[in-house]
Amino acid sequence: MGFLACALLVVATAHAATAIVNPETCEIGSNFKNYCNNCYCFDGVMDHALCTRESCDRNVWNEDGTRKFPKPGKWISEKENKKNDEPCTPGENFKYYCNDCQCLDGLRAHAMCTRMRCDRNVFNEDGTRKYPEPEKWNSEKERKKSDESCAPGASFKYYCNSCTCGAEGKVAEAQCTSQECDRYKWKKDGSKRPFTLDPVLHD
């Protein structure tokens, strides 16, 4: 039996003991997108699909793999700034798209600037963003918003962190370690996700 066949058999066996969370079907042998991840349907059940495990920012990606905003370009603002004949005050600091600049001799075209590639679909010329910067998911931020209760003095896991419940009996008030947890690898109860789990999270 080939390696792929063995891998699929192991995956199928593992899922047989697990309740189906997402019963949607997919065409066997087809490839599909799930947010920023690429998936392969091998048994017709979408929840069993083999998927990459990138952490997809849902402020950027739709579930079907399309982007909510245009893909960042490779345009360099410095090239356009060289054509800029606007005046500036020597010594003044200013933003030009995503770059930081310092005026040298009174002309913006001669300013000294960082050379990052700026996406004009994201940044305005004055350095402000056209839409809010996506917030990185953080297990600690989520825990502190939790309305769940816990037994005072009890130890528990919250994603990859170890916690001790305080006298208040609230998960949000517990004392926890502060590791950065990948929610595509960890479940809220501290157990690890199977590597084949569909990246749509069901906690």
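Heads up, the Cβ atoms here are built off N, Cα and C, so glycines get one too.
As written in Swiss-Prot, here are the features:
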- Cys26-Cys41: disulfide bond (DISULFID)
- Cys36-Cys56: disulfide bond (DISULFID)
- Cys39-Cys51: disulfide bond (DISULFID)
- Cys88-Cys103: disulfide bond (DISULFID)
- Cys98-Cys118: disulfide bond (DISULFID)
- Cys101-Cys113: disulfide bond (DISULFID)
- Cys150-Cys165: disulfide bond (DISULFID)
- Cys160-Cys181: disulfide bond (DISULFID)
- Cys163-Cys176: disulfide bond (DISULFID)
- 23-59: domain 'Pacifastin 1' (DOMAIN)
- 85-121: domain 'Pacifastin 2' (DOMAIN)
- 129-150: region 'Disordered' (REGION)
- 1-19: signal peptide (SIGNAL)
Protein Cβ atoms within 10 Å of Cys181 (disulfide bond), excluding its own:
21
Could you measure between Cys101 (disulfide bond) and Cys36 (disulfide bond) for me? Cα positions, answer in whole angstrom.
34
Take the C-alpha atoms of Cys150 (disulfide bond) and Cys163 (disulfide bond) and report the distance between them in angstrom, rounded.
10
Return the member of Cys88, Cys103, Cys113, Cys160, Cys176 nearest to Cys39 (disulfide bond) in space, with distance defined Cα to Cα and candidates limited to these disulfide-bonded residues.
Cys160
So which disulfide-bonded residues out of Cys41, Cys88, Cys98, Cys165 end up within 10 angstroms of Cys51 (disulfide bond), measuring C-alpha to C-alpha?
Cys41
When a 10 Å sphere is centred on the Cβ of Cys41 (disulfide bond), how many other Cβ atoms does it contain?
19
May I ask which of the disulfide-bonded residues Cys26, Cys41, Cys103, Cys113, Cys118 is closest to Cys160 (disulfide bond) if we compare their C-alpha atoms?
Cys41
So what's the average pLDDT for the domain 'Pacifastin 1' (23-59)?
86
Relative to the Cβ position of Cys98 (disulfide bond), how many further Cβ atoms are located within 10 Å?
16
Quick one: Cα separation, Cys118 (disulfide bond) versus Cys103 (disulfide bond), in Å?
19
